[in-house]
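Comments concern the structure below.
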Amino acid sequence: MQQGTLMRKVKSKSWKKQRYFKLQEDCMTIWYQSKRTGKTESAFSISDVETVREGHQSEVLQSVAEEFPPERCFTIVFYGRRGNLDLVAGSAEEAQCWVQGLRQLIEPRSFPLTFALVSRTWIRDWFQKADKNKDGRMNFKEVQRLLKMMNVDMNEDHALRLFQDADKSESGTLEGEEFVLFYKALTQREEVLSLFQEYSEDGKKLTLLELVDFLREEQLEDEGTEELAMELIDKYEPSETARARHVLSADGFLMYLCSLEGSIFNPQHRGLWQDMSQPLCHYFISSSHNTYLIEDQIRGHSSIEGYIRALKRGCRCLEVDCWDGPNGEPMVYHGHTFTSKIPFREVVSTLGKTSWGNSSSPLPSMGMFLPSSHPQRYGQSTAVQGISVLPETVQEPRGQGPWRHWVAQGTSLSPTPQELKHKILLKGKKIGRLEDTLDGPGDEAPDVSDDDNGAEAEEERRRAKVRGTQHSSALQKDKETLAQALSDCVIYCKNVPFRGFQEARSHSRPSEISSLSEAKARKLIRDEGNEFVRHNAWQLTRIYPSGMRTDSSNYSPQEMWNVGCQIVALNFQTAGMEMDLCDGLFSQNGCCGYVLKPPFMRDKESLFNPSDPSSREGPGPITLTIQVISGQQLPKVANSKEGAIIDPLVRVEIYGVPADQAHQETKYIENNGFNPRWDETLQFQLHVPELALIRFVVEDYDKTSRNDFVGQFTLAFANIKPGYRHIHLLSKDGTGIPPSSLFVHIRITE
């Protein structure tokens, strides 16, 4: 990467300042300074960077798109709530140099490098924070201050002994490698060393056979164990000599346990591992509500950044509320409120550039609301023009594509994610039905045979006539308010009102979708749980937040997933337990935004009702046993007092059917956020494990007020890997907080 590159830092269309950017010699820090004054403005660590976006993939860079070509533009996105850094390089070559260089630094080729990188960065960052006089040395007083900063309340005599052991030069200060020695002594993992020595005959190494025994007995690896052991040694053993002898040292053992293979999340489930050839209605689909909003629902800011963030997070169902704007140009905002507005063309442009960044799975529902009172209004035709420029157009030629085959076969189910890869589907009103598009008018009077009871046949004819009249009236109303070209864009997801499960089963189509408020859905779950499950086995249902949630708060999606609702829309801008559950469910299957529902929720004649776990077909309840062993380098609570040290506890929460909802917690450890030890066992019984999500939460105990959040990690039960595992914690908004983790032991029994 080039050193001291001159680039433009862009904050708005009118604020574009030239700055020199330079990667420091440690390859972990970037600083930038003013071209005019030469004064360093700011610096950031590579570990703070979540991702790098190329081109005009931010609201700021889109505003200057006419001035600067996309090949010179890129955006640095940071973890947490820190704002993006939008940059314009002097040339496309310079931009690529920085983009590729940054990506190599933040996305190393293997996890061991990531672990080593994080450790090195962590050590350097702490040294710089504690070295108050910036002389490159640290005296014992500075070390004591450092321990407070690191969440460690250590006996002064013990701290002094560690300090003196590391002070090889006997200078009374630590510098360079001496501080590294001090840090390693401080971070000694006794619980891991004890486990290592349990399987090591000499206490110094694990032979290949000893490692195989550990993998089989503790990690429950039962296939290709010898090959796996060889792979782990080659991948995680830092000593070339040990690798050549096919043995694993204590350092290599720790590296393995802290790696992806040692994570609680089954590494085989991180990629695309589920069948993607099932009908759309057989999947849970990651979905957002009012995607354009990044704040509240009344006066909040509308931004294309909302779409970018949601898509990067794996969301596959977006909302685009279009309203008539000046000069007939559609505008996107929350209607009848004071939220800001963004042009529809900017939203479409953003979707075209970012829809397939993480996933080729279809966007099954780009919901649009177009209130124009006449179909010839300029706004609707402009919207159609905007949609038509999207890559892999929404509207396929009539009689073409997988939907033609699907309708022609007369199947009662919808097409599959596999068939619809790289397609954007529009959810909205449609003139008539999909069958009408192909074959003419749809609803015909039923064919009543001579064997039918006369009175029943006559009643059915009467009902059919009423339905036909209602259908004709609705069809005429749609024609008066909806442009045909826009109607033709709606193929799989025609909006229809929900009038009950019996009505839907008799007269609705798999190509139709109903939207329900959270309150309406809860009533149906309570009163007709099994019918709701059956309905969702063949037709899509969308759930949206209550209009009373003006603060963009969320409802729990779990109760909606319990009955198989596919499109459970959440406010992605609001962090909390609800979004943790969403991220936890969709972090599997390649983060494609689709998760296959359990078999008993894909059967139209299913007997399953979430309120009665015994209605589930399959094996009986299972027992989940979690031994919470220790924590490592937990972060301090935001805005805490200087010198304050957390008192951490771990709470394990189970989300699923009502019978499985539970939580248990450990005791709190006083004044130790650096390496707390709990060694407590928690046990849960799960009746419907296929629907269960497990949330690990670390909190700072407070006896006088509510506990403070420290970190969390959520995953579906199906993705748990048993054995000794690390849980790498996430912040409140779902981003990583390396190297903070929990060390646990997991057992699953029937």
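For all residues, glycine too, the Cβ spot is worked out from N, Cα and C.
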Annotated range (TrEMBL: region 'Disordered') out of 392-433, 434-475: 434-475
Per-state residue totals over the domain 'PI-PLC Y-box' (486-602) - DSSP helix, strand, coil: 49 helix, 21 strand, 47 coil
Same-chain residue ranges lying at least 6 outside the domain 'EF-hand' (154-189) that approach it to Cβ under 8 Å: 123, 126-127, 136-140, 143-144, 147, 254, 630, 632-633, 674-675
For the domain 'EF-hand' (154-189), mean pLDDT (0 to 100): 84
Residue distribution over DSSP helix, strand and coil in the domain 'PH' (1-107): 26 helix, 42 strand, 39 coil
